[in-house]
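Inspection log for the structure reproduced underneath, given as structure tokens.
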Amino acid sequence: METTLRGVGVSHGVAIGEVRHMGTAVLEPPAKQIPAEDAEREQGRARKAVEAVAADLMARGNLAGGEAQAVLEAQAMMAQDPELLADVERRITVGSTAERAVYDAFAAYRALLAGAGEYLAGRVADLDDVRNRIVARLLGVPMPGVPDSDEPYVLIARDLAPADTALLDPTLVLGFVTEEGGPTSHSAILARALGVPAVVALPGAGEIPEGTVVAVDGSTGEIFVNPAEEKKARLAAEAAERKAALAAATGPGATSDGHKVPLLANIGGPADVPAAVEAGAEGVGLFRTEFLFLDDSANAPSEEKQITAYRQVLEAFPEGRVVVRVLDAGADKPLDFLTPGDEPNPALGVRGLRTLLDHPDVLRTQLTALAKAAEGLPVYLEVMAPMVADRADAKAFADACREAGLRAKFGAMVEIPSAALRARSVLQEVEFLSLGTNDLAQYTFAADRQVGAVSRLQDPWQPALLDLVALSAEAAKAEGKSCGVCGEAAADPLLACVLTGLGVTSLSMGAASLPYVRATLAKFTLAQCERAAAAARAADSAEEARTAAQAVLSGE
């Protein structure tokens, strides 16, 4: 009998196949005592296991590249946290085995994270994955993770750790479903980068029996369990039709009446450039630079290293536009040499531009490296600061850019409601705005992007969020400046039309989403997009906003 479940669709496409479940977590090691003379040996075992797991995570990151690399390197740093390792060794000194000491030390750290506010609580899944890998290595048992299979399947898991998502084989994993996570969680972002259909925040998904045939619609968030043959045929036909439409949609982004909407790519480093170029990106709307800093959390990368990496990306887009976000450290991206380790709530503390203004030498080096990397290249370089709260922040960043001799446009990311509410004031100091809708939603609704329980409030269709987008776009238009969106909202083809109708001047997303957005925009006029935007803003919920916009664009 066919049943329908609904979660949150986070990566486009349809997948039909049999269910396979993620490998179970490592069992809790027994709490047996060791003789005092064995303590040194056990400490050595623990250190070797930690080093091996950290090296494995780094290797997976190097293989995956791009955004996945940054996430996995952050996990490797978590495994090697000095305070955590000291706690492991202390527990061994008082009689614990290496595996039990790791298990208990991570449990204590887990409790700290879980109680440190929702932002850091979202890191718990990553921490659990690191713990399981270290304990599995010490016990000599298989690592938890993606099941082995020679046949394609739909993967179901409570949540997917970055180390697993990054190396999913799209030829075998047709799609995946998780019980936890949200539209801007690591799993969702990496799924879009892979082009794998995915649905998250579906409680009870783990109860679907192994081997059951399901159809996953990553656009609507629907899961059809034991779908009828007619349903499978219809979904497959719709998927084939969409694929043909995508192949036919080429060229610059524009509405059907010729209103230009540049479609840009979000990238996490040079490794993401080929996919962006292949997908027809007109440039880069968000170049995350954290990957350069995660290699060594104790020291900033040299100016020379930064110049090399930046130039690789700039050279790939001759006559194109490349928007670079300066280092966004703090909160879920802590760096030993920059971020304080004892902040009670890092998400609301010193992060983003605040961190850089406290360490002007780091900002100066990065801006100087960008200036030198762009020398002699026919590229339109733009540089923006994360976590700009007001005009004073914008002025401090613009002044730093000028002092570094940077010949580029200076911009501000709108991730804090205050920046949207006072966008016209901010624009007195900078030349463009870029809306980071992931964090803007998080701070608007007090809803952590990694916590599945509040994913409803992370939905970029929330009318309050659309109001803030409209405020920013209207301010930019009044000042004769640009206002783009580089958050995951831009990757939703229908929402991309609404954002265009709100006055957004460019859209930036993962490369895999570019064809979907290009094809959808080309179906509608600017006037239709504007009517859809007005209908969405008049709604009272995210679901109503989507339905209202869809009704306008479908002519209902």
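The backbone N, Cα and C atoms fix where each Cβ goes, and this holds for glycine too.
Residues or ranges marked as active site, tele-phosphohistidine intermediate by Swiss-Prot on the basis of similarity to another entry: H186. Annotation comment: Swiss-Prot describes R288, R325, N438, D439, R449 as phosphoenolpyruvate binding site. Swiss-Prot lists E415, D439 with the feature Mg(2+) binding site, giving similarity to another entry as the kind of evidence. Annotated active site, proton donor per Swiss-Prot: C486, in sequence order.
Feature annotations (Swiss-Prot) mapped to structure.
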{"residue": "R325", "record": "phosphoenolpyruvate binding site", "Cβ contacts under 8 Å, 6 or more apart": "L286, F287, R288, T289, V383, M384, A385, P386, M413"}
{"residue": "E415", "record": "Mg(2+) binding site", "Cβ contacts under 8 Å, 6 or more apart": "G352, P386, M387, V388, L435, G436, N438, D439, L440, Y443"}
{"residue": "C486", "record": "active site, proton donor", "Cβ contacts under 8 Å, 6 or more apart": "L264, N266, G285, L286, V323, M413, S434, L435, G436, S508, M509"}
Message: Let me make sure I understand the structure: which of the recorded positions listed (H186, R288) has the fewest other Cβ atoms within 10 A of its Cβ?
response: R288
- line: When the binding-site residues N438, D439 are compared by other Cβ atoms within 10 Å, fewest goes to N438
Query: According to DSSP, which kind of secondary structure is D439 (phosphoenolpyruvate binding site) found in, if we only use helix, strand and coil?
result: helix
Query: What does DSSP assign C486 (active site, proton donor), in three states?
result: coil
